[in-house]
Amino acid sequence: GVGFKAGVKDYKLTYYTPEYQTLDTDILAAFRVTPQPGVPPEEAGTAVAAESSTGTWTTVWTDGLTSLDRYKGRCYHIEPVSGEENQFIVYVAYPLDLFEEGSVTNMFTSIVGNVFGFKALRALRLEDLRIPPAYSKTFQGPPHGIQVERDKLNKYGRPLLGCTIKPKLGLSAKNYGRAVYECLRGGLDFTKDDENVNSQPFMRWRDRFLFCAEALYKAQAETGEIKGHYLNATAGTCEEMIKRAVFARELGVPIVMHDYLTGGFTANTSLAHYCRDNGLLLHIHRAMHAVIDRQKNHGIDFRVLAKALRMSGGDHIHSGTVVGKLEGERDITLGFVVLLRDDFIEKDRSRGIYFTQPWVSLPGVLPVASGGIHVWHMPALTEIFGDDSVLQFGGGTLGHPWGNPPGAAANRVALEACVQARNHGQDLAREGNDVIRRASKWSPELSSACEVWKEIKLYFEAMDTL
């Protein structure tokens, strides 16, 4: 007979190892598993471990040519999710050798590549990953990081201010550059290409880059502050993307931008390497993230996408606002923020952080709050995000009744007032509105902005809760 036992396997025998002690070099994953009716959680959990590592559905004789014990993923713990029927958190440990060094693409292909279509599962969500230093050290990470960015821009002790130029599509390059100049001249640090501004018939990329660079230098000369505009280098091919980044560097601008999920991790990592080699900051937009992370029981939580971005490389990334028009629950969002900025993050289930995450010397990423925010949100944003963040007001700048420069000035005054109040020991959470009101007495621009947006509320319940 053959030298192995043919037939369909019971995954549980090989891949369920509750006695396993995880190694410091293992990549650990926490999956939220919803098994099909009648499938026991151990069976579902081990199926995940197997299919995302060495397993296949039947015994193959080539198994005998390798050491499964060395390479298999192990399901080492299963716990029911409180308050949910038939949902379990399944913990899987993957040996480091399963992954190519320095490749977020390969990491995701392995861990989430196949297993989400598995018949035994009704739904599956990757909640968190623990990236060991042995693996994170194989990545360059963010091109520059928070401290280097502050030194490049010469801006300290406060959040940075941005504005997405609207209408996002349809402006000519010259009119677009005019809006950029007005916002920067009015007091913002950055303006931003919208994520879907690439190179369309009404505004080709090269024209936009030129007019924006002109706007930037003019505003810089007039204000004596360093200014930036996130020039979106996202393109249809990697070669074209790099070509745009090269042109940005030749113009001498400080920062470019990329849509990392639609562009892909391979392209993003290439761009991040180029940016470090050439002194460009890299702003990352997370377009398409909600397709992946919004459903509570299926997909990938954004905290995993945020960790992946820190490895792949980016200096800023959108992380939700807590207060604006888009999804973001406070504790969960703060979980993203600390994972992006800090060197060492303790396990904290109240923020959805399933594992203690050491980043050792990987630079940090500035979280960007953007989407439906205006001057009345400034105290809350300053309080929640702290100094190391970028606050982006698109409509909250360009929607000012007196135009763009006053809109920018209103935001800058509101921010400076909040930072000053905080530094003097005031509690922004409680006294924030008073701080804004007081500041608006000596700033007509702010006073007008306060009037326009005083009643606007964009409140809905968050979909993704703990």
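Each Cβ is built from the backbone N, Cα and C atoms, and glycine gets one as well.
Swiss-Prot names N114, T164, K168, R286, S370 as substrate ligands; from the candidate set H77, H229, H318, H424, the record adds H318 to that same site. Between the CA atoms of R286 (substrate binding site) and D194 (Mg(2+) binding site) there is a gap of 11 Å, rounded to the nearest whole number. Neighbour density around each Cβ, counted as other Cβ atoms within 10 Å, peaks among the binding-site residues D194, E195 at E195. Comparing Cα positions, K192 (Mg(2+) binding site) lies closest to T164 out of the recorded positions K5, T164, K166, K168, S370. Listed in sequence order, T191, K192, D193, D194, S370, Q392, G394 are the same-chain residues at least 6 apart in sequence whose CB falls under 8 Å from the CB of T164 (substrate binding site). Across the structure, N114 (substrate binding site) and H285 (active site, proton acceptor) are spaced 26 Å apart at their Cα atoms.
Here the C-alpha separation of K166 (active site, proton acceptor) and E195 (Mg(2+) binding site) works out to 11 Å.
Taking the active-site residues K166, H285 in turn, the residue surrounded by the fewest other Cβ atoms inside 10 Å of its Cβ turns out to be K166.
Comparing H318 (substrate binding site) with E195 (Mg(2+) binding site), their Cα atoms are 11 Å apart once rounded.
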